[in-house]
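Structure first, then comments.
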Amino acid sequence: MTPAAGLRQVAVLGATGSIGASALDVIARYPQRMRASVLAAGSNTGALLALCAAHRPDHAVIADPAGLAPLRDGLRAAGLATRAHAGDEALEALVAGPACDTVVAAIVGAAGLGSTLAAARAGKRLLLANKESLVLAGELVIAAARASGAEIVPIDSEHSAVFQCLRSCRAEGVRRLVLTASGGPFRGWDSARLATVTPAQAVAHPKWSMGPKISVDSATLMNKGLEVIEAHHLFGLAGDRIDVLVHPQSLVHALVEYVDGSTLAQLGLPDMRTALAVGLGWPERIDSGVAGLDLLAEGRLEFEAPDLAAFPCLRLAREALVAGGTAPAVLNAANEEAVSAFLQGRIGFLGIPALVEDTLAALPAAPAGSLEALLAADAEARRFARQHLPPMPSAGIRTA
Ligand code: NAD
Ligand code: MG
């Protein structure tokens, strides 16, 4: 059980999700080099137990306190030495402590902020997939990482691409970044058609297999808006130097244009294991299990401008970045509430940008120097958004 010297100890947060699965796939390829020492999930105790049996971590954390007893009992019944924990505080303590040196932050939504910040403050290597924590509190996360010496390696494919392309030069030489977007499942659709979109259609992404929230964000283009804000914090460029191009093949993930006219791009198949292998192996390159690119077989690389009239979320995110202060936190919170309401069938697809826009208009940007101010803005935006949703279908007895 004693880990060999130099073995990377990885905490995988959001282990039962899509990024979690990709991370564990790469980690399991290198038993001599790294291991999953902490696994954390939201509420699916059964799935977490199955991962513990496969990866034998030292600690397993379930966010939902009701999951603690079944987790502990399940670990014991399986004869595993893994220790069970529940709740955000336990997770943050494990992330900050000696149980790991590397943290894959892949919890979805603002729920990932506490553990992301804990990893940044504790000086861990932070493999950051949880983009919402940067949208909500980017300045604080980046400042904490700077102060502690934590090394952030972005996992979002576009940001991993920029991270890789930037290795050729100091940041001052950069003229602009270009993030690519697949365009999602509804590329080319107009508003009338978008009004008919169902949750099942929205989560069926044409190029990437991802969790439901980011899949809906990709369909509305909010994902690209969140990524512009994410790139602003990670790479220190103003929003007007971060462009977006729709690229339906999803093979070019981002481009970095330098002042001398040179543009570097990163290409690869749309499989998150590449970005995770970059983060886990950096500065070495390790095999991720992803095949190389066969450009002859792919044939074409196409690019087009995003349709901001049909997909207003990208504009809303850019406006929130310019407004600054609490605006990105409000944008993110309203979007999480709207996506959740859409997935529950309570609002239509076009209700998502409408609710985000109304919330931003109702709660104008205020200065946000502290975590408390940002969390208060997040809570207020969620309250406003929930109040402006249609009432839940009654669960009471029907008499008809
Ligand atoms: P997912 O829905 O597949 O998985 C989410 C994970 O978070 C699950 O393990 C779930 O148990 C856990 N979780 C949810 N709420 C939690 C809580 N309150 N406390 C602790 N754990 C909780 O999502 P995903 O697609 O893996 O995405 C995860 C993050 O990575 C998101 O921020 C997403 O934007 C980002 N990301 C994902 C992809 C991708 O390809 N899937 C690409 C880029 C970025
Ligand atoms: Mg992305």
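Cβ atoms here come from the backbone N, Cα and C positions, even for glycine.
What TrEMBL says about a protein is an automatic prediction, not a curated fact.
Computed from a predicted structure; not experimentally measured.
Listed in TrEMBL:
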- 10-138: domain '1-deoxy-D-xylulose 5-phosphate reductoisomerase N-terminal' (DOMAIN)
- THR16, GLY17, SER18, ILE19, GLY42, ASN44, ASN130, GLU132, GLY211: NADPH binding site (BINDING)
- LYS131, SER157, GLU158, SER182, HIS205, SER218, ASN223, LYS224, GLU227: 1-deoxy-D-xylulose 5-phosphate binding site (BINDING)
- 152-235: domain '1-deoxy-D-xylulose 5-phosphate reductoisomerase C-terminal' (DOMAIN)
- ASP156, GLU158, GLU227: Mn(2+) binding site (BINDING)
- 267-383: domain 'DXP reductoisomerase C-terminal' (DOMAIN)
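On a Cα basis, ASN223 (1-deoxy-D-xylulose 5-phosphate binding site) lies 16 Å away from SER18 (NADPH binding site).
Highest Cβ count within 10 Å among the binding-site residues LYS131, HIS205: LYS131. Of the listed binding-site residues, namely SER18, ASN223, the sparsest Cβ surroundings within 10 Å are found at SER18. Predicted-model confidence for the domain 'DXP reductoisomerase C-terminal' (267-383) is 97, expressed as mean pLDDT. Residue counts of the domain '1-deoxy-D-xylulose 5-phosphate reductoisomerase N-terminal' (10-138) by helix, strand and coil are 64 helix, 28 strand, 37 coil (DSSP-based). Across the range of the domain 'DXP reductoisomerase C-terminal' (267-383), the DSSP-based residue counts are 66 helix, 2 strand, 49 coil.
For ligand 1, no neighbouring binding-site residues occur among GLU158, HIS205, GLU227, by Cβ distance under 6 Å. Long-range neighbours of GLU227 (1-deoxy-D-xylulose 5-phosphate binding site) (same chain, six or more residues apart, CB within less than 8 Å of its CB): LYS131, ASP156, GLU158, HIS159, LEU179. Among the binding-site residues THR16, ASN130, the residue whose Cβ has the fewest other Cβ atoms within 10 Å is THR16. On its own chain, GLY211 (NADPH binding site) has GLY17, SER18, ILE19, VAL108 as residues at least 6 apart in sequence with a Cβ closer than 8 Å to its own Cβ. Of all residue pairs in THR16, GLY17, SER18, ILE19, GLY42, ASN44, ASN130, GLU132, GLY211, the annotated binders of NADPH, the farthest apart have Cα atoms separated by 21 Å. DSSP assigns GLU158 (1-deoxy-D-xylulose 5-phosphate binding site) to a helix. THR16 (NADPH binding site) and HIS205 (1-deoxy-D-xylulose 5-phosphate binding site) have their C-alpha atoms 19 Å apart, to the nearest angstrom. In sequence order, GLY14, THR16, ILE62, ALA63, ASP64, ILE107, ALA111 are the residues of the chain that are 6 or more apart from GLY42 (NADPH binding site) and have a CB within less than 8 Å of its CB.
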